[in-house]
Amino acid sequence: MRCLISLVLGLLALEVALAQNLEEQVFNSVQSMFQKASPIEGTECIICQTNEECAQNAMCCPGSCGRTRKTPVNIGVPKAGFCPWNLLQTISSTGPCPMKIECSSDRECSGNMKCCNVDCVMTCTPPVPVITLQ
């Protein structure tokens with residue numbers, strides 16, 4: 001009987017710990033969608049309690065001076081597929097790369113192209129499709 005009670009209490013404590021961790025993860029992912037305040041923005045805190053109090057597409061979010069109005073930033077979602085494997089990526093080159101950087105994220109590439117490291121530079125590349133095993 002003691003073992004059963006200990007097990008139940010242990011599971012309850014684990015559930016509480018996981019719930020708190022999940023809440024922190026959700027908060028961190030929401031927080032990362034907003035730009036860091038610039039020195040000018042940092043001096044002006046527009047306090048709010050709910051999103052309805054905010055103009056246009058701004059949202060009420062936790063900040064350094066309480067809940068304040070912030071404008072979300074489009075962080076983009078990675079496109080489907082993977083970057084092709086490139087043997088030259090694993091070999092360190094000597095000297096500067098002669099090619100120009102074309103992109104820094106998938107959203108800068110047209111269509112379904114992905115921003116991948118090819119040779120020594122980031123460039124828009126056709127993706128390798130995701131293969132699902134059944």
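From the backbone N, Cα and C atoms, a Cβ is placed for every residue, glycine too.
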Cysteine of Cys97, Cys103 paired with Cys115 via disulfide, per Swiss-Prot: Cys103
Cys60: disulphide-bonded cysteine as recorded in Swiss-Prot, out of Cys45, Cys48: Cys48
Swiss-Prot annotation, disulfide partner among Cys97, Cys109, Cys116 for Cys124: Cys109
Rounded inter-Cα distance in Å - Cys97 (disulfide bond), Cys116 (disulfide bond): 15
C-alpha spacing of Cys120 (disulfide bond) relative to Cys109 (disulfide bond), in angstrom: 18
Cys65 (disulfide bond): tally of other CB atoms within 10 A of its CB: 13
Whole-number Å value for how far Cys103 (disulfide bond) lies from Cys120 (disulfide bond) (Cα to Cα): 13
